[in-house]
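> Sharing the record's features from TrEMBL:
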TRANSMEM  A:60-86  transmembrane segment
DOMAIN    A:61-269  domain 'ABC transmembrane type-1'
TRANSMEM  A:107-130  transmembrane segment
TRANSMEM  A:150-169  transmembrane segment
TRANSMEM  A:190-212  transmembrane segment
TRANSMEM  A:250-268  transmembrane segment
């Protein structure tokens, strides 16, 4: 028995040590730091007060929530239809498409930002094309503002949404559709009355994951706008890594608030999912 | 061809949307001049030749390879025995591990970076080691899922009992029976981990910055300098990811074929 316990200890210890050193301790230190004055020392709520009263940080949260919500919404709507189309292809083709989708999910961050510069940057492919056609897009569109950034965010939401939604459709069985059709229901009626209610918890869950994914995204926005566009992750990065203007305590407070936003989004989803499911049963 | 309906149409649009940036970048990396015309004026491989003879690129590539590779190996060496022990001998701990997995999955790198800087900056420990440690924690969800599933598929518990009945010690049974049986699962998890780390930018940029120029950092530095070179880097990266994805699919298929036989 003793040998058994020592083996369990020996094999799991490095793992738990790792989690404590690189996850638990840093998180606690961050929370602790968020309640301290600049440079540490005394405890205060001033960092949070500053975030709530300074319009600049307030705007960062508004921008982040807006772009995350919008990109998740577009991503999920497109993916709901597109994934359904995928499930109707032959099995082998389905697998191929999923592999390709999976591959494009690797296309994120800096490479993705760059690909969009090639297409829609100041002398991008489509900007040139539009100019040849006599359209000057630069008045209404800039890749480096929120409209361009939203397009980039939608790109990395799509593969994730498809991969998360795909297994859900397996839950809607073909027999149901046939039964509904035999009983005289139109496809639209089937989806409204049976298909969608069954899928809804999963769609809501996927939406909240997409939202959280976008709220925490850093690399694409950083590559495109450096720090011109005001988003929470960009602000956090600038506050902790800037050598001259570093204010890690303020950055900690922002990070805590970002974490809380994500926790609320994910809890809301959990609660919603359970509610919808209870109504069903 | 079926009639054009909403799902098919949105599927086509999504695929075009996902492919256009890849195609545009690939074309740009092969274009001679492309500043004012709609299509490139000519095709060339000189950007790739220039890139592959740039020692800074080769070094950045090697650094990325080294960092991702070593971290993945360390992750496998640490996680496989731990997850094995927990799944087979201490299922009660699984809940705790699942909680940690959820936490790391939902936690954006930028939040973790703040905590790591506060905790470890200024202690004299090289920040690259701290970043590697954070990478290991970030791999947790992927490694846990993959290894746990393989252990369940091969019914690790019964395998261990059988091996021990036949007289093998615990370590021997683990190394000689369990590990070979879950090897396809380990390989898939390792490849997935490697590809995730290879594309990582947040932690390395905030924690280490230019002091350890990985491929992603190098690409970022090239963005404003040469579009063609940056395209060539992006295409190289994408091809590497395609190869890794192909390997993952191959090993996953192998694994499921084995399952069908047994």
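Each residue, glycine too, has its Cβ placed from N, Cα and C.
TrEMBL entries are annotated by machine, without manual review.
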> Short question: most Cβ pairs under 8 Å with the transmembrane segment (A:107-130), which of A:150-169, A:190-212, A:250-268?
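It is A:150-169 that shares the most Cβ pairs under 8 Å with the transmembrane segment (A:107-130).
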> Any residues 6+ beyond the ends of the transmembrane segment (A:150-169) with a Cβ under 8 Å from its own?
67-68, 70-72, 74-76, 78-80, 82-84, 86-87, 98, 101-102, 104-105, 107-108, 112-113, 116, 120, 143, 199, 202-203, 205-206, 209-210, 213-214, 217, 220-221, 224
> I need to check the long-range neighbours of the transmembrane segment (A:190-212): which residues 6 or more away from its ends have a CB within less than 8 Å of a CB in the stretch?
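Those are 68-69, 71-73, 75-76, 79-80, 157, 160-161, 164-165, 168-169, 171-172, 176-177, 180-181, 262, 265-266, 268-269, 272-273, 276-277, 280, in sequence order.
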